Every structure is written in structure tokens, then in C-alpha cells.
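Q: Take a look at this one; I'll ask things after.
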Amino acid sequence: MKNEIIERFTSYVKVDTQSDENNENCPSTPGQLTLANMLADELKSIGMTDITVDDNGYVMATLPANTDKDVPTVGFLAHVDTATDFTGKNVNPQIIESYDGHDIVLNDKLNVVLSPEQFPELSRYKGQTLITTDGTTLLGADNKAGIAEIMTAMAYLIKHPDIKHGTIRVAFTPDEEIGRGPHKFDVGRFNAAFAYTIDGGPLGELQYESFNAAAAKLTCYGKSVHPGTAKNKMVNASKIAMEFHHALPKEEAPEYTEGYEGFYHLLSMNGDVSEAALSYIIRDFDRDRFAERKEYMQKTADALAAKYGNESIKLELRDQYYNMREKIEPVKEIVDVAYQAMKNLDIDPIIEPIRGGTDGSQLSYMGLPTPNIFTGGQNFHGKYEYISVDHMEKAVNVIVEIARLFEERA
């Protein structure tokens, strides 16, 4: 199975599918549709049915039930796009057989080294087969590992009809990394009782809590005057923006928070004297605290507007997704089945909140409860990203075992 996983995964990552938040089309980049069509062809070749690719790049397919039992339809999802944080063009995956536990030189010329000194968890993978970058791009394990694992699991079930299962639906979605993955996802057409995203990190991750999330854009408007004659006339938009940012709690930022702690995160800033813009994301697990964070931003903007004039400040707040725990807890069995599947395979489940979001965060509020399961990857969204093929194989086995357990329990 390892070679099958490697072949699939390395072919997927070579397609540039980086999404683009500045493009309102769906998918936001043509490479995503290219990969979607490739995946549809592969689904057909392994024996899946009801395969569709719509104009928005959503791939769906069915593995029909091979049992007479009344088993709820389960879905498995992964997203085709890669993050905007680092380039995903010309990905050149490197395969490290029987990792020796020492430094991995990703790129000698650029002196890019994946070291257990900097990334201590790397030592846990000694003896395993790793796939890394060449030091110039991200890898794309987020989330092409999930695609490879779902595809391999479906191929395995088709080749092993002795493993009984209910109807399984598969979907590969666009634009998850820019928060739009489920926006045009047809839950009714997908027609599953519940689903799992295969979009987590290290072995054993099982997640059914996510952030509540919002985006904020602050635009400041100033008055540009020649600096030689600016006294009592100039209003510097960039300084207003700086004042706003410094009013936010310094310790409530990603680099200072963990676990269930929320944050304000400055994504980008640009400007001059006349106009300046700050883009933020707001995150918190608690719904009330989430509301308080948005209110604090609004009050800060209002105070600056009172100081510099109402025309000097514009704050736009937009909710992105909510903590999916609220929708999953009423059907907690789906978490319990995934937990048992891992235990059956001698995998220690790690139940922890997602300090981020998945398609499941939004899908759960669209009527499709969707927890998240590990892929086996580490250091997503950058040149130090890597994944264990051994753990990818375990993810495949978990998918198969989940399908088997639901049939057994029916």
C-alpha cells in the first residue's frame, strides 16, 4: 500500500492548486479544476460510481453499499487547494527512506535544513519513510495527503469486498484555505448522514471543536500635506492604523497563545499618509468571548473615529465560521466510532481542539456534522512541511475501519 500512497500523493502535489483570496471565482485558481478533473478520472478508474465534477470544482463520488443492513451513509472529504502562505508552484517532493533521525538537508544551495533540533517531533519518525519539500515550496500535504488517503481507502474497499460497509460518499472541495470550501457545497446532493474531513496533522488527531472565526479589515483615511507645512494640518493614516493595532492586547496573538486561548492576528498591513489598511482574523473557541473580541475591535475603531473624525476610520467585520462542537455533540457517536477505529488499530487518539478551521466547521452548520481526522503531516503551509508515509497508511486503515464499524453496529 505504501507505494500506492506515494505514487498518488506525489502526483497530486505537482499540480499547483494554491488558492487566491483576491479572486472571487470558484475555484479561485484554474489548477484546482485541473486536479479535480484528474481525481474524477482516477475515481472512475478504481471503480467508484456517480462521479461528478461541477463548474465550481467540487468532486463527488459514491462507493455503493455491499451489505443488506440499513447503514447510514458516511462521507469522507478533503480539499484540493493549498495555502496562500507559501508558494505551491513546482513542488518537488523528496522521499526519505528509513529516516535516520538526523538533519535532513532539503536544499544544499539555499542552506535549508529540516532539523530535529528546531523541530523536536521529527525524532519520533526515525525509521519511517518521509516525504519532504526541496526547500523552495510548501509540500501540499494539507490537504493532498487527505485526498491520497481517501482515494487509497476506496480502492482498498473495492478490492476487498469481504469488508462490509454501507454507502460511502467522497468529496474533494476547492478553496478551503481561503475559507470558502463549503460555500457552494451541495449538502443535499452529497446526501450523507455525516462525514469526516481527513485534514488533520499528526497520527491520532481526532477533532470536533474548532475556532469561532471572523475577518476584520480596518481602513484609515488621512490628509496628506507637504511635511514642511504640515503642522496642525496633516493626518497620517498609517499612524492611525498603528494606534489601532497597539490598542489590541499584545499577548492575545497567535505567537503567545495555545490550547483554548483565542487571539487577534494581523495578517497584512499597507499604507501611506493618505490611506492605510490592516487585515486581521479573530479567533476564539468560546462564542461569548468571540463576540467580545469583535466588540472590542469596534469600540477601538469608534474611539479613533471620535478622535480623528468619523470619516477617518472604517471597520468591516465578517464572520467566517463557528465552533462545530455545538453541532457535533448531539451526534457524538460519529466521534466515538472514529475513536474506536483508532483504538482497534492500536493508534492512540488525540482529542484536541482545532486551532483553525476545516470545511467541517462550516459543513456542520449546514446540516452535515463533520469531525476531523489526522493525515500524518507536520509543519503545514511552509518549506519545512513533511509527512510520514507510514502514518498515511494508518490514516487509510482508519477510514476503512470507520466504514466497517458503522456496518457492524447497524
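Cβ coordinates are placed from backbone N, Cα and C, and glycine is handled just like the others.
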Q: Using only what Swiss-Prot says about Zn(2+) 1 binding by Asp142, Asp199, identify which of His79, His265, His391 is listed for that site too.
A: His79
Q: For the Zn(2+) 2 site that Swiss-Prot assigns to Asp142, His381, which of Glu177, Glu352, Glu407, Glu408 is also named?
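A: Within the candidate list, Swiss-Prot flags Glu177.
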Q: What recorded positions among Glu176, Asp199, His381 are found with a C-alpha within 10 angstroms of that of Asp81 (active site)?
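A: So the list is Glu176.
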Q: Select the closest residue to His381 (Zn(2+) 2 binding site) from the following recorded positions, measuring between CA atoms: His79, Asp142, Glu176, Asp199.
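A: Comparing Cα positions, the closest of these recorded positions turns out to be Asp142.
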Q: If you measure Asp199 (Zn(2+) 1 binding site) to Glu176 (active site, proton acceptor) at Cα, how many Å is it?
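A: Glu176 (active site, proton acceptor) has its Cα 10 Å from the Cα of Asp199 (Zn(2+) 1 binding site).
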Q: Which residues, same chain and not among Asp142, Glu177, His381, have a CB within 8 angstroms of the centroid of the CB atoms at the recorded Zn(2+) 2 site?
A: Thr82, Ala83, Asp85, Leu138, Asn143, Phe380
Q: Note the Cβ centroid of His79, Asp142, Asp199, the recorded Zn(2+) 1 site, then list each other residue of that chain whose Cβ lies within 8 Å of it, in sequence.
A: Ala78, Asn143, Gly146, Glu176, Glu177, Thr197, Ile198, Thr358, Asp359, Thr375
